[in-house]
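Structure first, commentary second.
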Amino acid sequence: MKLSRRSFMKANAVAAAAAAAGLSVPGVARAVVGQQEAIKWDKAPCRFCGTGCGVLVGTQQGRVVACQGDPDAPVNRGLNCIKGYFLPKIMYGKDRLTQPLLRMKNGKYDKEGEFTPITWDQAFDVMEEKFKTALKEKGPESIGMFGSGQWTIWEGYAASKLFKAGFRSNNIDPNARHCMASAVVGFMRTFGMDEPMGCYDDIEQADAFVLWGANMAEMHPILWSRITNRRLSNQNVTVAVLSTYQHRSFELADNGIIFTPQSDLVILNYIANYIIQNNAINQDFFSKHVNLRKGATDIGYGLRPTHPLEKAAKNPGSDASEPMSFEDYKAFVAEYTLEKTAEMTGVPKDQLEQLAQLYADPNKKVISYWTMGFNQHTRGVWANNLVYNLHLLTGKISQPGCGPFSLTGQPSACGTAREVGTFAHRLPADMVVTNEKHRDICEKKWNIPSGTIPAKIGLHAVAQDRALKDGKLNVYWTMCTNNMQAGPNINEERMPGWRDPRNFIIVSDPYPTVSALAADLILPTAMWVEKEGAYGNAERRTQFWRQQVQAPGEAKSDLWQLVQFSRRFKTEEVWPEELLAKKPELRGKTLYEVLYATPEVSKFPLSELAEDQLNDESRELGFYLQKGLFEEYAWFGRGHGHDLAPFDDYHKARGLRWPVVNGKETQWRYSEGNDPYVKAGEGYKFYGKPDGKAVIFALPFEPAAEAPDEEYDLWLSTGRVLEHWHTGSMTRRVPELHRAFPEAVLFIHPLDAKARDLRRGDKVKVVSRRGEVISIVETRGRNRPPQGLVYMPFFDAAQLVNKLTLDATDPLSKETDFKKCAVKLEKV
């Protein structure tokens, strides 16, 4: 094969980037990277985590044949992690779904029937009948949708419009409820606005990194490579890692801390106390920009109201707080002494002091990173609030190199679930359904009758499971998520509702996942670059990509499914007469005409697409649907601190971080000179709050919902591994990734294994009060739990670890605690 100098340079760049990450480039990429004439390359964000790496996608003869890190992408600078290099293969699993499948017996739908291929028209016929029957007999609260932080921005926006405006049901929630809801509520309580104030550029300027429940080495490996480079190139940089078990991020740690589950709350309050006792408060910042409040306590665990823990709670679900003085706050945290903290957490005193000194040192720029260890926590909102306290006490916030940073796990948990507002309580740009002014803004922009959007918060993810089981939610559509494997307490709270004859379950998925196989109707879905899309990553960076290949068979994008299904409903079938009377011109129109084919959305012609540019949805409809939806959605945030750039700018750029004002992105929010919403002379302004001040909350330690006892004597924590992403529905179909980690194992301390007569490689039954699974004992390897705790990843469909987990949630965010429940082991 003859290579040009340019091709040779590019091939070497790919190989060098892979070597830097300790990775090998897949053979297909090595073979084709030099064949520039034969392969068409275009940019896209990676399909996996919330880091938002940029990749170059190589297509040839209608297939994705190669992928490489994009050297022009500022996030990853040409480097991919092991999953990123195998992106092409996620789309071509042997069991890819290519036509709708309905459970049928004797030629018609039957709950106990076999999956049978049908047409899209037949699929929509059945869905139409089920939706209309439920709406007529029981109203909008009987239907629901479970979406995703993997939806594109316009897919999430279209879904939210269809349910909240079209069907008048707020029973739509994303799987980001399971991963980012506590971060959202934490941001809103402390700052009045969602999402981090900093960016990834902080990494190269920080003096210290503190990881709170974040195994970045495996879950955010590209960011970890940048942290590693910073640490190894500067001897004065410090890394502290906190977790309930030892993992790969500990290899870089100067201070690796293992604490008793739930006791991170104690450590956070201890550090606040240390800062105060050592006169390390930034008095100028604190006096000008911070308020103090005492939060309600004993708030329960988000379980069913009949559960003993909920009955015993004094303030179940309370988000209340009251002002407090600094002296009262000082007295509150004073109880968290070094001695008490060491006793409650099991952490040596010297390690606690070293950690506290990082925050207290005025000359150290500190970044706090966290993911699921904080968020999947029955006091996850509190944990978020408490880490903000440390940065607000010291003024280490909204400046280069320092600040609190909540990392996301999905590619558009920020851009779609949070910013678009696909949660059951949210609307675009941090607006909420309970606020009449916010509903009015949306109704006017969408040109629908006043009062269309319900004021009542819809069912969140766990509540949807309970409502299905109780027969209150009867038609349920899930998209771009595998909740039958990923959600908690499968046996008791999810499977019964899905298989209840009263309920009809639709799953849109590219593969026959656990969720798809438990459904009644499966709709084949287009993936990644088989559609035009947009994601928003953890640093507020919005990134676009173009459709680069077509989906196989009859697979259709989630956007196509939503828009086409909306044609089946006329306004008089979904809206009461009193609403129609307010806008009689909408009578007789379909929801497609009212929500999507509006003058506002349909005004961008197909001529804006290049003649050879793929865009299946727009070409079928006759207008540039994605641009119309995006520009309508972006209107909500412009001028309100959520400013997005014009649509076309994103196709030219490698992403832009909002707010984007006058063509300039924002790296650090809330600080003068960095944020266009902070005026000269203000210094800092947390403009999500009416008075421009952030809030420090006094919040105590409260125990976990379930802890080990004499019978169930071990903590169980669940999570991920580097090679697989979430439930493995994509990565397990990549042969190389599957071989690297073919099945889940139970990581256990050698002494705990020995005490139970277990050896590495033995089969073991893991049992909780809710279910049991068979796994494989692992006493070595990357994850090393302390005595008393075991760890299992949840990627393996043959080992449904969420049969074991408890459906306890943070009462404020409704996010599930997947990190703490009690189990026992039985040798098989």
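Indices start at 1 and increase along the chain as displayed.
The backbone N, Cα and C atoms fix where each Cβ goes, glycine too.
According to Swiss-Prot, the features are:
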- 1-31: signal peptide (SIGNAL)
- 39-95: domain '4Fe-4S Mo/W bis-MGD-type' (DOMAIN)
- CYS46, CYS49, CYS53, CYS81: [4Fe-4S] cluster binding site (BINDING)
- LYS83, GLN150, ASN175, CYS179, 212-219, 243-247, 262-264, MET372, GLN376, ASN482, 508-509, LYS531, ASP558, 718-727, ASN802, LYS819: Mo-bis(molybdopterin guanine dinucleotide) binding site (BINDING)
- PHE794: substrate binding site (BINDING)
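Taking Cα separation as the measure, LYS531 (Mo-bis(molybdopterin guanine dinucleotide) binding site) is nearest to CYS46 of the binding-site residues CYS46, CYS49, CYS81. Averaged across the domain '4Fe-4S Mo/W bis-MGD-type' (39-95), the predicted model reaches a pLDDT of 96. On the backbone, the CA of MET372 (Mo-bis(molybdopterin guanine dinucleotide) binding site) and the CA of CYS81 ([4Fe-4S] cluster binding site) stand 20 Å apart. If you take the Cα of CYS81 ([4Fe-4S] cluster binding site) and the Cα of GLN246 (Mo-bis(molybdopterin guanine dinucleotide) binding site), they are about 22 angstrom apart, rounded to a whole number. The two recorded residues, PHE794 (substrate binding site) and CYS46 ([4Fe-4S] cluster binding site), have Cα atoms 21 Å apart. Of all the Cβ atoms in the protein chains shown, 26 others lie within 10 Å of the Cβ of MET372 (Mo-bis(molybdopterin guanine dinucleotide) binding site). Mapped onto DSSP classes, the domain '4Fe-4S Mo/W bis-MGD-type' (39-95) shows 9 helix, 20 strand, 28 coil. A simple Cβ count within 10 Å picks out one of the binding-site residues LYS83, LYS531, HIS726 as the most packed, and that one is LYS531. In the shown protein chains, 22 other C-beta atoms lie within 10 A of the C-beta of the residue listed as 'substrate binding site'. Ranked by Cα separation from GLN246 (Mo-bis(molybdopterin guanine dinucleotide) binding site), the binding-site residues CYS46, CYS49, CYS53 are led by CYS49. It is 11 Å from the Cα atom of GLU218 (Mo-bis(molybdopterin guanine dinucleotide) binding site) to that of CYS49 ([4Fe-4S] cluster binding site). Between the binding-site residues CYS46, CYS49, VAL721, the minimum number of other C-beta atoms within 10 Å of a residue's C-beta occurs at VAL721. CYS46 ([4Fe-4S] cluster binding site) and LYS83 (Mo-bis(molybdopterin guanine dinucleotide) binding site) are 9 Å apart (CA-CA, integer value). Look at GLY213 (Mo-bis(molybdopterin guanine dinucleotide) binding site): DSSP puts it in coil.
Each residue contributes its Cα atom, and for CYS53 ([4Fe-4S] cluster binding site) and GLY213 (Mo-bis(molybdopterin guanine dinucleotide) binding site) those atoms are 22 Å apart. You'll find the Cα of CYS46 ([4Fe-4S] cluster binding site) roughly 15 Å from the Cα of HIS726 (Mo-bis(molybdopterin guanine dinucleotide) binding site).
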